[in-house]
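Some features that TrEMBL has for this protein:
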ACT_SITE  His132  active site, proton acceptor
BINDING   31-50, 116-119, 218-220, Cys259  NAD(+) binding site
BINDING   Tyr75, Arg78  substrate binding site
BINDING   Cys140, Cys143, Cys178, Cys181  Zn(2+) binding site
DOMAIN    6-274  domain 'Deacetylase sirtuin-type'
SIGNAL    1-22  signal peptide
Amino acid sequence: MRNFFLSLEFTTVLFVILVLNASKHIVALCGAGLSAESGVPTFRGEGGFWRTFQATELATPKAFEKNPSRVWEFYHYRRELVLTKKPNRAHKALVDFEKKVLSANPKTQTFAVITQNVDGLSSNIKNLIEMHGSLFKTRCTKCGDRTENYDSPIALALKGTENSQFDINLPIEKLPSCSKCKGLLRPDVVWFGECLDNDILMKIDVELERCDLLLVIGTSGLVYPAAAYASIVSARGGKIAVFNIEKTYDADFEFIGSCGEILGNALMVNDGEDKHEVV
Ligand code: BJW
Ligand code: ZN
């Protein structure tokens, strides 16, 4: 159903009556736009630059091999930034929706969140898949050890580099190192050209297989494998609802606007205070 001639309010009513209440397994697929209102930059568009680099240029194994200091400076900057940020109204709407689904009696629906975000701002969701890893996990390039790490800074020498406009060029010995084997650590995130964890891919398959409503929230839909999920669900007869400030996917329901403003109403979880005027 095309909704370009419908008001947001009417779209919401149709969405709730026709799909939200009737769906059995609802999955939210989230991208950087979910955290935009928290002040975390997106990858593409205006916020997608760090120093003079496009963020996506640095999210590659090649960039890390060529200049591990620059890539660590980039991730250190993002860790420090995210540590100052809080979940926004859209994150909260997802948490509240999950609570609502879990506490319903009788239980008629299930819910899962698959996020491409590595910022941890959805950590209050119980059924959460962080498909691209986490800014707050490291992996040793030598022994493979994976560890949660919230140290600020993650290495002493990185302190203050977040304010620099230029490369600091730290030697490897000053970059984050493994407590077990002293090998160089890397952020435990999925870079371009790297395969996603097999267990994660299997979990995602299970969620998509049963999904009859996919909420696509704040993602440009350019990066695979996530970019294929809407068509997978759609091909199996599931409905797609997109929440984005601009047009991205062709979907059954398109909510154009900030997900912080729209999601709570669409999922019927806004309390009185949070209610906003819909156009
Ligand atoms: C709002 C908003 C508000 C703003 N409210 N909305 C098939 C075809 C072609 C290529 C490939 C393919 N399969 C695999 C590839 C290669 C590659 C790929 O997809 N390339 C494409 C660019 C074409 N994929 C991979 O390499 C993946 N690996 C893989 O598939 O392995 C097997 C394989 C390898 C090679 C070949 C074939 C198979 C791995 C992808 C890993 C992506 N990693 C990153 C970095 C993670 C770590 C980190 O954060 O540093 O993940 S890149 C970056 O993009 C990050 C994001 O999670 C991801 C998606 O970005 P996202 O979230 O959509 O952000 P934006 O900025 O693009 O969009 C934000 C949106 O929000 C916009 O639409 C705004 O309008 C909106 N918005 N404010 C609502 N308030
Ligand atoms: Zn190690």
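Placement of Cβ uses the backbone N, Cα and C atoms for every residue, glycine included.
Remember, TrEMBL labels are computer predictions, not curated facts.
Taking the features listed in TrEMBL, we show where each one sits on the structure.
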| residue | record | contacts (Cβ under 8 Å, 6+ apart) |
| --- | --- | --- |
| Ser35 | NAD(+) binding site | Lys85, Asn88, His91, Asn117, Asp119, Leu121, Gly218 |
| Gly39 | NAD(+) binding site | Leu81, Lys85 |
| Gly47 | NAD(+) binding site | Ala36, Pro41 |
| Arg78 | substrate binding site | Asp119, Leu135 |
| Gln116 | NAD(+) binding site | Leu29, Cys30, Gly31, Ala32, Met131, His132, Thr219, Val223, Ala226 |
| Cys143 | Zn(2+) binding site | Cys178, Lys180, Cys181, Gly183 |
Candidates near ligand 2 among the binding-site residues Tyr75, Cys143, Cys178, judged by a Cβ under 6 angstroms: Cys143, Cys178
Other CB atoms within 10 A, centred on Tyr75 (substrate binding site): 22
Cβ packing number for Phe43 (NAD(+) binding site), 10 Å threshold: 19
Additional residues surrounding Zn(2+), by Cβ distance to the Cys140, Cys143, Cys178, Cys181 centre under 8 Å: Thr141, Lys142, Gly144, Asp145, Ser179, Lys180, Lys182, Gly183, Leu185
Alpha-carbon distance [Tyr75 (substrate binding site); Phe43 (NAD(+) binding site)] in Å: 13
Between Cys140 (Zn(2+) binding site) and Tyr75 (substrate binding site): CA-CA distance (Å): 15
Where the C-beta lies under 6 angstroms from ligand 1, the matching binding-site residues among Gly39, Gly47, Cys140, Cys181: none
DSSP three-state assignment (helix, strand or coil) for Gly31 (NAD(+) binding site): coil
